[in-house]
Amino acid sequence: MSCSLAIPFAPNLALLFLFRILRGFSAPLAYYGSCLLQELLPTEKRTIYGNLYWISFSGGYMASAGLGYWTRDWHLYRLYGLVGLSGYFFLFLILPESPRWLCVNGNYEDFRKFLAKIAKWNKVKISDDYLNEAVAAAQNLVTKIPTNTTSKREKNKSNNFFRVFFYPNMLKKLCIFSVRFPSVAICYYGLSVSANVASDDIFLNVFFMGLAELLACPFGWLVGRFLNRRISSVFFDAFIIPCLLFGPILRPYSTTANLLIFIIGKIMITAAYNMTVIHMCEVFPTPVRAMGLFTTLALSCGFSGFTPFINGLDRRYFCLPGIVYSTMRLLTGILVVLYLPDTKYCPMAQTLEQAESLYRGNEEEWIEMMLKPEMVETSIDSDSGLSKASNDDNGVINYL
């Protein structure tokens, strides 16, 4: 926040860039919230909350147009914008630690306290025996090794992100997301930085972009509810690619048609962006989930810097930017369909060994393996806070 405050008063370009870089370090906070949310939710709730989480961002996006129109001054705009950032001061007091992360790192007493706190928030009374049973189930899951993997989990083995490079399947998934997420981000920012893509009025243009993103949140939830992760990707690309290709063609002839195509494309690319974040959170296991997300995010931010240059290709040929964006979407979409597992109904992996054993095509077997009595996780139910598993053998809690 201090860097955001300093940005409007930077005396030269070098300090401006330095403050902007330091300010960028806080960007992952928004994605950390999404990651933490996915770790707290049961399987069937991940899609709805993962999409609706971004509604407040979209509302702020729309409000920025009004704030810019009202202030008409960059320095004042930045200062008024700091009011929203003041909420960051209270994050450490409000946000809980991830219960999955606590389990993986052996902090079972904190995990037990967290479950008790969640139960209290949801007005559910649970016994000490129930909490002890939940802790025992969580311990069992973390130490369990899938039978269909050759990996060996070593005791006290470091859970740092670089271990991913020793797991071929996880490395493949990381590489695919490392090109897929930047392709989404480049198309997203490609539309965002085009000053007159929706309207010649820059303030209306920003408002329409924010409105499209607002509509994308419930729309992405509906698509994710009825389609799995891979088919959702195909569905979004089926609209994104034509919008990117035909938008520049229709723009000179019809303002209404251009606005309609823009809104459709913006809704689809934003929904695809949100769904990709959910998919990544589901694929990466708990020890490296945040770092996996931040690594792909860093790559996407870096590649997004090329969007003004891609947009500038319209000086050579007016359809060239759309062709470049569409090609990236098509190629990375093929990788998703051919190689990534569908994780819509999969419980989140707690270890790299478990995530390594999840391939495209073996999702049902993997889910069955994870739901075996000896493999059951601890679960927080969305409605009642905590709920007993349907398992008759040991009645442990399901954390799906």
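Numbering starts at 1 and runs along the chain as displayed.
Just so you know, glycine gets a Cβ as well, placed from its N, Cα and C.
TrEMBL annotations:
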TRANSMEM  12-32  transmembrane segment
TRANSMEM  52-71  transmembrane segment
TRANSMEM  77-95  transmembrane segment
TRANSMEM  174-191  transmembrane segment
TRANSMEM  203-222  transmembrane segment
TRANSMEM  234-253  transmembrane segment
TRANSMEM  259-278  transmembrane segment
TRANSMEM  290-310  transmembrane segment
TRANSMEM  322-340  transmembrane segment
For the transmembrane segment (234-253) and the transmembrane segment (203-222), does the number of C-beta pairs under 8 Å, pairs 6 or more apart in sequence, reach 3 or more? no
Segment-segment contact (the transmembrane segment (203-222); the transmembrane segment (52-71)) at 3 or more Cβ pairs under 8 Å: yes
Go through the chain and flag residues at least 6 beyond the ends of the transmembrane segment (322-340) whose CB is under 8 A from any CB in it; none is fine as an answer. 172-173, 176, 179-180, 183-184, 186-187, 190, 229-230, 233-234, 237, 240-241, 244-248, 279, 283, 310, 313, 360
With contact taken as 3 or more Cβ pairs under 8 angstroms (pairs 6 or more apart in sequence), are the transmembrane segment (77-95) and the transmembrane segment (174-191) in contact? no
Per Cβ pairs under 8 Å, the stretch of 52-71, 259-278, 290-310 packing most closely against the transmembrane segment (174-191): 290-310
Near the transmembrane segment (52-71), which residues from the same chain, at least 6 beyond its ends, have a CB less than 8 A from one of its CBs? 30, 33-34, 37, 77, 80-81, 84, 203-204, 206-207, 209-211, 213-214, 216-218, 221, 270, 274
